[in-house]
Each structure stands twice: as C-alpha cells, then as structure tokens.
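The following features are taken from TrEMBL:
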- A:LYS206: active site, proton donor (ACT_SITE)
- A:LEU10, A:GLY11, A:PHE12, A:GLY13, A:THR14, A:VAL15, A:GLY16, A:SER17: NADP(+) binding site (BINDING)
- A:LYS106: NADPH binding site (BINDING)
- A:GLU191: L-homoserine binding site (BINDING)
- A:351-428: domain 'ACT' (DOMAIN)
2 protein chains.
Amino acid sequence: MEAKLEVGILGFGTVGSGVIHILEEHAEKISQMTGYQVSVKTVLVRDLEKNRRYETKGFSLTTEPSDILDDPAISVVVEVMGSIEPAREYVLQALKAGKHVVTANKDLIALHGDELIAVAQANQCDLFYEASVAGGIPILRTIVNGLAADKIQKVMGIVNGTTNFMLTKMKTEKRDYEDVLKEAQDLGFAESDPTNDVDGIDAARKMVILTRLAFGMNVDLADVDTVGIRGIAPRDMEVAEQLKYVIKLVGTAEEKNGSVAVSVGPVLLPKYHPMAGVNNENNAVFVTGAAAGETMYYGPGAGELPTATSVVSDIITVAKNSKLGTNGNAFNSYKHDTKQTVPEEIFSKYYLRIVMDDKTGTFLKLTQIFAEAGVGFDKILQEPLDEFTATVVVVTHVTSKAQLEQAIEKVKLEPQMQVEAKYQVVEG
Amino acid sequence: MEAKLEVGILGFGTVGSGVIHILEEHAEKISQMTGYQVSVKTVLVRDLEKNRRYETKGFSLTTEPSDILDDPAISVVVEVMGSIEPAREYVLQALKAGKHVVTANKDLIALHGDELIAVAQANQCDLFYEASVAGGIPILRTIVNGLAADKIQKVMGIVNGTTNFMLTKMKTEKRDYEDVLKEAQDLGFAESDPTNDVDGIDAARKMVILTRLAFGMNVDLADVDTVGIRGIAPRDMEVAEQLKYVIKLVGTAEEKNGSVAVSVGPVLLPKYHPMAGVNNENNAVFVTGAAAGETMYYGPGAGELPTATSVVSDIITVAKNSKLGTNGNAFNSYKHDTKQTVPEEIFSKYYLRIVMDDKTGTFLKLTQIFAEAGVGFDKILQEPLDEFTATVVVVTHVTSKAQLEQAIEKVKLEPQMQVEAKYQVVEG
C-alpha cells in the first residue's frame, strides 16, 4: 500500500480552499511524483457554522488548533492564516512536534524567519514559504536551485502588486497618486490603511526574505533603506517618460565583496529593460548570476490559485524530501555573517527633483554644492513652477550613496532649495 | 567517506569547459546539496594535442569514446558535441550501459527524444536536457515541477536568439532583413547558411521539446506549422508600430480538449505584453497555467556559461535522484496520445499584408472574399505602392485558421491580389 502523507491546514480562506482543491485535483500526479498519497486531514477554522466554499469531504473542520498541532497522524502543517500571532506560535508548536511547515505568510517569515528556520533545523523539519514572495512565481526555489551551480550577485524585484498597479495607472492614464490609490482601494488591491504597501514596507519584507535565500544573510527590516511611492508626482512620471524611463517601485539586494546592500524605492528603469514592461498587479524578480547572467521571473504577485499553487509545490517538495530523508534543510542552509555595504561602496545614478527660488545664482549655488561633493550631472531639465520658484530635475552621473547624501545634507542647509524626490536610475 | 559520482564529458568546446569549471568552483556546495563528490573523470576530444582552455587537472583526455562509454566508474555522461551523429549513437550506448545522460543538444532531443527517452526509462537512467531550450533559463524543470500542482494550457516562447536579435535591430534601427542578417553573421550569431534560424526550424525543434514536457505529446517537426522571418518587410515593422504592436518570432503550443496545436511564426504582440520587451539575443518562455495564471521566464538563450550552468543543474538532479533512488523518470513520465488540433478549432486574429492592383473594384473583391469565408476586418490600412499597385494591411477579427486559409486560397485565384504576409496577432 502506498504511504500516506496527511496535511493539516491552519486557515480556510481563499488560499486554504485553493490548496484543498488543487491537492484533490492533482492527487494522482502528486502520488506518481512523490510516492505519497497526500491528503488533507483537518482544517482549522474560526467558525464551524460558516458556509464553506468547497465541500468538506474527506477531512474535518475544527476550531481547536491542538486537533492539528497535536495529531501524530498529521506530518505537514500549512499555515495560511496571515498576521504574526497566533500564526508564529502555531508554527513553532508544529515544528517542535516534528511537523513540516508550509506557509504563505511573508510577514511571519520576514520578521521571524531566523527563529523559525533555526527551530525547523533543530527538529529536522522542512519549513517552506514559496508563496510568501511573488505568489504564483516559483522564485524562491529557482534561486535556491540556481545557487547550486551559480553565484548570485544581485536580485531586483517588483514584489508589491498594489503599488505596481498604481504606478501603471499613474503612467498610462496620467493620473495622480491620490486618484489611483482610491481606485486600488475600491478594487480591493489596497487596504483602507495603505501604509504597508505604499510606503514600501511590504516590499521591504519580501526583500528580507529574498536576501536571506540569495546571499544567506539575515538583514533587519530596519536596515533596508525603504522609500515608498507617496512622493511620486505626475511631473516625475512625465520627466521619466521624456527621458525614456519608467518609474517602478523596485527592491534591490546586491552583494559585493561579502557585504550586502538592500533597498526599496522608486527606480527609473530604461523603458527597454525587461522589468519596465511589468505592469498592473504583476510581480517580477530579476536575478543576476555570475554564470547564468540576467534572468527574470514574471507572474501574478498574489491571487488565490497562484498562491495555492505555490503552497502545493512546497507540499510536494516536503513529500519528496520525506522519501529522500533530506527533510530539515529549510529552503537552504547557505548562511553567512550579515555584513552591510557601506554607503561609500554603493554606486548608482540618481534622479533628483529640486524646487528652488527662481533667482539668479540659486542654480549656480546648487551646482557648486554637488560639484564639491564630487557628484556630476548627466542631464538637467529646468522650468519655472510659478513666478517665484522653479523645478530642476537632474540625473547624476554614477556616484556613491555617501557622496550623494553629503550633497543633499548641504542642500538642506540652503533655505532657497529643497530636494523633493531622489530615486535611483538603472542603466540598461 | 563521501560517495563519488564520476562524470564523462563528450566534447570539450566552450560548454564542456564551462561545465568542468563550474563543477570545480561549486564542488563544496554541490556535495552539501547532494551528498556526492561530483567530479569529471574523462573528456572526449577530437585532438589530444590542441591547447585546452582549462588545465586538465584531475581528469584525462581521450579520443576514444569507449574510454567513457565502457568505463564502469563513470555514471553520468554529458553530451555537448552537438549534431545528430555520432551524438545519438554515443547517448544510446551510454544509456544501455546504465549511465545517466545530460545533453545540451536540442536537435538530438527534438528529433530523437522519443527513442532516447524510451531507452533511458528501459534502463532506469536519467536523461536530462535543460540546456537544450533557452540555454540559461531553467524552463524545462520549472514546467515539470509546476505541472505537479497545475495544468498548463499554453506555452509561448521566443526561443531563437538569432532571429530575436535581428528583429530587435530591424525595429529599433529601422533596418531591413538583409542588412541585419549580415550583422548577425558578422557577430557570429548567425551561421553563413542561416536557414535553421531564420526559417524558424531551430525554434520549431525547441517547441517540439516544450510540447513534450508541457503536454506529454510527441509532435513531429513536420507537424509544427513553421514560418520564419525572411518575409518580414520594413513596412510590416512600421505598421505594427503604428498599431502599437511589436513583431517577434514566437513559438506557440496550446492544448485544447486533449489536442494540441504547435506553430512557429512572426506574431504581433501588444507593445505592453511582457514578451514584447524581450530584446536582442534574449529568450523568454511565457506559460499559461490553469491555476498559476500567466508566468514568464526570461534570460540568455545561449552562451557558454549560461548553458553550462543548466548542464550542471541537470547533473545535480541526477545526483539527487541517485540518492533518492528515483532515477529513470526522464524529465517527466507524463504522456498522452498525440492529437493535433484541427484548423477549425485554432482561433486567432491575423495580420495580413496584401498587394493589389490599384483599380476600382479590387478592394471590394477582396472584402467579398473574406466576408464569404466569414472573416471580418478589425483594422484596415491602405496606401498606394506605386502608380499601379497598392498595399493593404488588415487585421482580422478572431477567426479560425480554417476560415482564414479558405479566404487565402480564394485570394490566390485572383491574379490582381497577392497575400505577402500572414502573421498571428496576440491580444493583451
């Protein structure tokens, strides 16, 4: 008789239902691939009475977490509740009870991944979270598999669907931030408090996860230089288009000489860059490897079935590992001491939008400040804003972050000028 | 002591050298991931005297295939010779001797994959060929892994780097076919006889491989409806741009109700389609899954190190399978009877460029022919070519291939009009 692998699911929302649906529909293929008959045994719900989307055939519902966490027959726990607590507590209990865990919870993994991974390894359990970054794109496993035969140098990602949807609308329909935010909220893409999305926090969490996998380093969320999209003005969109760029909210993690720099912020991408064409709520992760070169992985960033597909892929890997006797390697066991790249070693071109008094000498003053910091200008666009002020947009030459910050600190001392936008510019 | 896995390599060109280089550089990581010490034992070369790029430390060179194929210590054979014979013969011998085979040879797999896969399975050997399609992009394994939790409906690919380079140049530099072909030849992207690339044969071979993996069906090369890029005129490029499309050479394999349609040809992609931004010699494969939705995998289509990286990934999988005792599943064992979709069931919009006598009544005749076949026009652009002839470009409504062919057969009977281009149009 074929071995059984029984699954408990914490949470019966759309993703949980999708997982059940896919496991049923692909039962035969999964058994062929893994040698296990994988089935759902128990699902944790908040309310037993509520009508459920799928018939609860072959499994039972419970409101008692211990019905899953203490059931010795269940060897895989799927966490699709979201939020930190009690998800964290349940995952820890499951791992300590020797159960493998698959989660779609990016907040949990970004904030407590280090702790959970350690507990998983100590208990020789798998802990997988493919669905936590870029929902339907198998990016985490691709990075981990790719790593075996290559050295990753840089990971760039459009990893927040809400802001990408908003930026796409701002660009193609020439609308402003407030207007498209309202539409995103009406469509249910953005929360009524959109902070996590629009301020880049969600993207920063995903970059923490990607950095851990690609470079084996644990970066604190606080150490991710994070800027959101609130400050992007229609004027920025126009100028970017004139200069043949597209503005996207991009997370970047780059390793250099054993240290890593992680940031999230609006970035000007050349319009022929593969990421420039990633529109609407889609996600993409662009990976630079020493041997494989530049590859990109594109797809839906969220959604019930794409996310559930990734969860099921993780369950299949748990099943394979169980056959192989290789459980407990988490996604990878590749680990380095975390070292942050100093600002003197982070290089980029920058886009700056500066508002200044429209008086003779102000622009001269500005150029002097940048020249003294060693920051050269590649492109300059100036135009009057009203009778008294003018907007200057400059694109700098490649400069270190330290030099740029030095110049900007000096600009702050000048009451007649103000830096209103500072975005990285990627060259093709 | 750690188990050893010894590799023999047939061919010592750039890819073979790359494989040796990567296996050496990543030896420790590979041993951590697989539990095997993977090393190259013997390399087949044509000429022992020729200077080699890498020092031949730790392995020996031979001109005698049997030194690899008959060596019981060698359990994995890497075939990077190219061409059909003697590669096919050597691969068969290796499989029959119980050795696993990794090959980068798309011609071999497209034309003889069915035979080789059967022999591999009969001998419980792995036969992997990730590098044969889209060199550096891990597309085959992604499809196979993804299949376990999803049903693939359609695969579209820009899978020939040479023609994509040429089309990019034709578009961005407004040059004609002959001119960019010469540049591609000068740069070494195109052969002196460019037939395989420009007539779509290379792309068709890759689509045969992708179809086998995604749908478990063996399609004959002769059954792939293949059109190349020779006929693309500067006028087509211009009109496509006016209509906000980009012309790419795209391979398509689509499954519907258990039958599959495979084609290669110039396709008009909306300029905001993710594949429209795939430029130069890059490749991309765009997959539509029932659950995961639309995902795209982008990267270098060829090149020494990207290709070698894929070969090494395959070797790592062989090593894992050897530990797992799951060798012999080839890439997948998913197989269906091959059924081709009838032309009545293949639907698309089409772009047609028709040259006709500039006489009253000719255009009326044309519209009558199409109306009788049930093919409606979505867009029409007409302009005089010279004193006596005019070019008409039409984009049809969605129509079946059968209806379109019927109309075109009738046009062929009219001496005063001629269809010069017929490309599929993809809607966003």
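One-based numbering along the chain as shown.
Every residue gets a Cβ built from N, Cα and C, even glycine.
Just so you know, TrEMBL annotations never went through curation; they're auto-generated.
The structure, with features from TrEMBL marked on it.
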{"residue": "A:LEU10", "record": "NADP(+) binding site", "contacts (Cβ under 8 Å, 6+ apart)": "A:LEU44, A:PRO65, A:ILE68, A:VAL77, A:VAL78, A:GLU79, A:VAL80, A:MET81, A:ALA87, A:TYR90"}
{"residue": "A:GLY11", "record": "NADP(+) binding site", "contacts (Cβ under 8 Å, 6+ apart)": "A:VAL43, A:LEU44, A:VAL45, A:GLU79, A:VAL80, A:MET81, A:GLY82"}
{"residue": "A:GLY13", "record": "NADP(+) binding site", "contacts (Cβ under 8 Å, 6+ apart)": "A:VAL80, A:GLY82"}
{"residue": "A:VAL15", "record": "NADP(+) binding site", "contacts (Cβ under 8 Å, 6+ apart)": "A:VAL80, A:ALA104, A:ALA131, A:GLU304, A:THR307, A:ALA308, A:VAL311"}
{"residue": "A:GLY16", "record": "NADP(+) binding site", "contacts (Cβ under 8 Å, 6+ apart)": "A:ILE9, A:VAL43, A:VAL78, A:VAL80"}
{"residue": "A:LYS106", "record": "NADPH binding site", "contacts (Cβ under 8 Å, 6+ apart)": "A:TYR129, A:SER132, A:VAL133, A:ASP202, A:ARG205, A:LYS206, A:ILE209"}
{"residue": "A:GLU191", "record": "L-homoserine binding site", "contacts (Cβ under 8 Å, 6+ apart)": "A:GLN185, A:ASP197"}
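Within 10 Å of its Cβ, the residue among the binding-site residues A:THR14, A:SER17 with the fewest other Cβ atoms is A:THR14. Sorting the domain 'ACT' (A:351-428) by DSSP state (H, G, I as helix; E, B as strand; all else coil) yields 23 helix, 34 strand, 21 coil.
The number of other CB atoms found within 10 A of the CB of A:PHE12 (NADP(+) binding site), across every protein chain shown, is 23. Across all of the domain 'ACT' (A:351-428), the predicted model scores a mean pLDDT of 90. Every protein chain shown contributes to the tally, and the Cβ of the residue listed as 'active site, proton donor' ends up with 25 other Cβ atoms within 10 Å. The secondary structure of A:THR14 (NADP(+) binding site), as reduced to three states from DSSP, is helical. For the recorded NADP(+) site, residues A:LEU10, A:GLY11, A:PHE12, A:GLY13, A:THR14, A:VAL15, A:GLY16, A:SER17 set the reference point as the centre of their Cβ atoms, and the other residues of that chain within 8 Å of it by Cβ are A:ILE9, A:GLY18, A:VAL19, A:VAL43, A:VAL80, A:MET81.
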